[in-house]
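One structure below.
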Amino acid sequence: MSAFIVLGAQWGDEGKGKMTDYLAEEAEVVVRFQGGNNAGHTVEVGDKQYKLHLIPSGILYDDKLNVIGNGVVVDPKALFEEINYLEGVGVKVTPEKLIISDRAQLIMPYHKTLDVLKEKARGKNDIGTTGKGIGPCYTDKFERCGIRVCDLMHEDVFKEKLEENIRMKNEYITKVLGGEPLSFSEILNEYLEFAKKLRPFVQDTSVKVYDNIKENKTVLFEGAQGMLLDIDYGTYPYVTSSNTTAGGVCSGIGVGPNMVTNAVGITKAYTTRVGKGPFPTELIDETGDWIREKGHEYGVTTGRSRRCGWLDLVIVKTAARVSGLTSLAVTKIDTLAGLEKLKVCVGYKFDGKVIDYFPASLEDLAKCEPVYEDFDGWDDSVAEARTYEELPENAKKYLNRIAEFTDTKISIIGVGPKREQTIRIDSI
């Protein structure tokens with residue numbers, strides 16, 4: 001039995017798409033357990049590039065079962081747009097390759113309207129939402145007024161729940177947020193059409209995943225975003241609306257913790273984040289700009305430029321602790337090639353002492369000053385390496401320090417965006 005998790009160990013955008021695609025070769029089932037189409041994965045296979053948002057990365061293989069679990073929030077319109085995109089580039093998406101939990105919450109048009117209007121109302125205190133309705137959908141889930149996929153499969157149930165939600169949401173949208181009311185009939189007709197297309201993909205995914213694990217099939221749980229965007233352990237409130245840590249797997253798909261054998265944390269060789277929020281090692285200078293351009297650090301989903309900075313090992317160590325990481329995959333060491341000197345954060349100066357953990361309070365975090373160690377850089381030959389031995393010595397020293405500080409072995413190294421630009425040095 002082998003069931004393992006692939007998680008982001010930073011603020012997302014660590015290269016999970018590529019690593020999930022790489023590791024999916026060893027898996028028979030690939031499962032998304034949280035988030036929605038606010039996530040973005042880029043996978044390069046040969047000379048082709050694929051951009052995924054909601055559908056698991058295993059869809060690029062013909063022989064993998066891909067699962068969207070109950071912890072995911074599903075926008076049917078975005079789902080079928082992604083299916084059409086994949087079909088258009090030659091990737092088949094059928095109910096034999098993709099199944100969707102009947103317990104997953106549906107993103108509705110009013111969720112997206114609320115997302116945009118509430119963000120606008122926050123003014124300078126906006127949190128950088130993607131505007132895709134993710135947060136409002138999770139809010140409805142916990143307020144117990146959300147509409148699930150299984151509700152959409154029963155027209156009378158869906159109609160009743162939609163009518164109640166439209167009545168309440170329109171009052172809030174018009175009277176509090178100053179927006180335009182949404183049409184009940186338009187949404188009803190649109191979603192009943194979605195129901196017909198969605199039905200063949202829908203089943204109890206918890207049972208399906210459980211059965212596959214019991215049959216000793218290899219299952220890969222694919223995380224979206226990153227540890228520091230977790231609703232509990234991230235830089236709150238500049239976070240996403242779900243649990244992005246290993247704990248989210250059990251509730252987000254419906255399997256017990258004893259069924260998960262390993263957890264791989266994905267980290268870049270440097271640090272990035274999108275939008276607002278604290279970033280202790282951020283480089284607001286030419287070096288930061290250089291990393292952004294060389295690393296093509298622009299969001300897959302939003303197109304927003306990413307803030308760039310030195311590698312912060314305090315963050316990665318926190319991710320290893322919170323999610324019980326059994327190994328790390330370090331990506332994009334090729335991006336740093338050409339820099340003569342590098343810095344790595346190994347602690348924060350805070351209130352006269354050095355700490356190696358991430359404070360909960362943003363006010364405390366703002367007072368933290370990074371403690372750096374210096375490293376010599378390496379050249380572009382790193383992108384040609386296919387074994388650990390072929391890596392430049394300075395790159396090896398850099399990687400060894402990551403493993404030492406986080407007390408977590410490195411199992412995989414990414415030296416470029418393509419599937420074949422991956423070095424496997426240990427088991428996960």
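Note that Cβ sites are derived from N, Cα and C of the backbone, with glycine treated the same way.
The annotation in Swiss-Prot ties D13, E14, G15, K16, N38, A39, G40, H41, R144, Q225, T240, R304 to IMP, and of the candidates under consideration, T130, T218, T318, the one tied to the same site is T130.
Within 10 Å of N38 (IMP binding site), counting CA to CA, the binding-site residues G12, G15, K18, G303, S305, R306 contribute nothing. Counting other Cβ atoms within 10 Å of each Cβ, the binding-site residues N38, T42, T130, Q225, S305 show the lowest value at S305. Neighbours of T130 (IMP binding site) among the binding-site residues G12, T42, T302, R306, I333, defined as a Cα within 10 Å of its Cα, are T302. Looking only at other Cβ atoms within 10 Å, the busiest spot among the recorded positions H41, R304 turns out to be H41. Reduced to three states, the DSSP call for T42 (GTP binding site) is strand. Sequence-distant neighbours of I333 (GTP binding site) (same chain, six or more apart, CB under 8 Å from its CB) are A269, W378, V382, A395, Y398, L399, I413, G414, V415, listed in sequence order. For the IMP site, whose annotated binding residues are D13, E14, G15, K16, N38, A39, G40, H41, T130, R144, Q225, T240, R304, the maximal Cα to Cα separation is 34 Å.
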